[in-house]
Amino acid sequence: MTKLQEMVTFRDVAVVFSEEELGLLDAAQRKLYHDVMLENFRNLLAVGCQSPNKMAPLDTTGIRCLPLGQLPCWQMTSHDVNKLARAPEDGINTPGKGPHLLEQCHSSCHWGAEQPSQAPEDDGCLENLPSNHSSSSDNQEFLSGRAQSSWSKAHFSERWNHEKHCPQTLVKTKSQLLAPGVNILGCISHHDHNILHKRDKVPSSGDCDQVIFPMTLLTQHCVYREQKAYQCSRGQEVFSDSPSLELHQQTLLGKKSPVHSTHKDTRHSPSVPIQPSVHPGRKRYWCHECGKGFRQSSALQTHQRVHTGEKPYRCDSCGKGFSRSSDLNIHRRVHTGEKPYKCEVCGKGFTQWAHLQAHERIHTGEKPYKCGDCGKRFSCSSNLHTHQRVHTEEKPYECNECGKRFSLSGNLDIHQRVHTGEKPYKCEECGKGFSSASSFQSHQRVHTGEKPFHCSVCGKNFSRSSHFLDHQRIHTGEKPYRCEVCGKRFPWSLSLHSHQSVHTGKKPYKCGECGKGFSHASSLQAHHSVHTGEKPFKCNVCQKQFSKTSNLQAHQRVHTGEKPYKCDTCGKAFSQKSSLQVHQRIHTGEKPFKCEECGKEFRWSVGLSSHQRVHTGEKPYTCQQCGKGFSQASYFHMHQRVHTI
């Protein structure tokens, strides 16, 4: 066991909340705060005991009576407390009458010239106890209910008022002793004092004006900073005190509280190690790189590896390095297959407690993490952080090959396979390879025919979730994709990309046969059927075939008689949207097709094509009977009637 390395004052262990913070605490948290501060002050005495073999000699009862103290409580150091413990050997004599141990914190505690110019931030004086209080059983309710509430409120006020004297009388005469069973500053109560006097045959409390201090308990409370006796039941972490363990367990459970720990009196329980009650939220060690604070120097040293990149812990199986031994222990479970954390609902195992905690929310439906921008909720904090990049447009992961950036590291890994050509996912049915697991899973449904995504509106099923989401916009009318040039909106990104070529004139997809350009790959594929003569889309009614699905759909309306496109001016209906657009020019008088030779204008492109033959002399329609040629099909049909008469 190691000795104390430095003096400890109450300022070092006290924690003070502002008035605003105190207002946020409920009754239970205020009581907890009171208990924490009280326990901290009690254990300040324990800090002063050095080590057991250096304690002052004990009397036959094992109890040392403490004399009058001279310092205010906030100035008490371990040295001062130790001096009080050895008082009889130092020649300090406590009279049989009047006040004793620290009778006044400093009865005229004005902040004068001999005092600090400013009150300490961490005040810890106790409020005056009722002067009429005695040790009788009639006063069992002392420090309970409203009295305790007002006492704790005054006890932990935000800061000292320099115009007030210190309200504390730590321990007064026997007529003003603490309530039975209440231990302050490590002193036993008057009630316990009586018991000890009777048990050990020492003068009764009526003959003794001193508050006695059990030095055996003081010895138990000595601080051994390197001792670690509290181990987490869910992992291998070990802590030097129970508050730190409790704080760690609350972190695992995702709990947060303004008061960081609870303190239970374990002085009389031999099975639980006695540890100091220094508040676990105290941070004494600070990182010079980023300013982050830590309660232990070892935690700071571990954190600094984030900045240095040091990874001293290596996996024997794969050679991967880690900055913390706990991370290495968790990683080893990847190789061993160990999954110590089991879901009680479905039995699924996990390598980490945090993963189990996140999984359990699937069963409970809990989503505690809420996006402040859009209100969307998530079951995992990591999912929330990832989602927030949608709003911030942050893309921290950059491809070294092409410079493209991604919001997720997983998406970057998948993208890099475009450059490497890696396709680790192989289909056993057809041998096709895929760069991502999601693409592979979607492909497998081609063979199985599975369509797990069902539209509740029209009943249509889809094999891919992306296709299902795109389809739903038909019913909702949602158009999330907006053209920045003209403001037109589209339900699908593909439609927006096709539209943007109207403004840019860009047609990146070229036909290898005729050189014609297209703005979209699907348009080029449809055009290829012109050269190949392929017509893969067949009408089930008349068996007519078409090169495009849109042409087949328009044709099928011939059989159904459906005419969904209606003219708002005259009410005439059409089976095709293009036919409606041409018809509307009759009402508007629009003639968009103009002859470059003579300037004549036409409503339809077919009219312009027929007219241009007047200038070119082209006569594509030839009579097989007499060989006469015609520039228009209508003239050709009229001529054929001459031969049939």
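Yeah, the Cβs are placed from backbone N, Cα and C, and that goes for glycine too.
Database features (Swiss-Prot):
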- 129-144: compositional bias 'Polar residues' (COMPBIAS)
- 8-86: domain 'KRAB' (DOMAIN)
- 112-144: region 'Disordered' (REGION)
- 255-280: region 'Disordered' (REGION)
- 313-335: zinc finger (ZN_FING)
- 341-363: zinc finger (ZN_FING)
- 369-391: zinc finger (ZN_FING)
- 397-419: zinc finger (ZN_FING)
- 425-447: zinc finger (ZN_FING)
- 453-475: zinc finger (ZN_FING)
- 481-503: zinc finger (ZN_FING)
- 509-531: zinc finger (ZN_FING)
- 537-559: zinc finger (ZN_FING)
- 565-587: zinc finger (ZN_FING)
- 593-615: zinc finger (ZN_FING)
- 621-643: zinc finger (ZN_FING)
Beyond the flanks of the zinc finger (397-419) by 6 or more, those residues with Cβ under 8 Å of it: 386, 389-390, 435-436
Chain residues in Cβ proximity to the zinc finger (453-475) (below 8 Å; excluding those fewer than six residues from its ends, i.e. six or more beyond): 442, 445-446, 491-492
Within-chain partners of the zinc finger (369-391) [C-beta distance under 8 Å, separation at least 6 from its ends]: 358, 361-362, 407-408
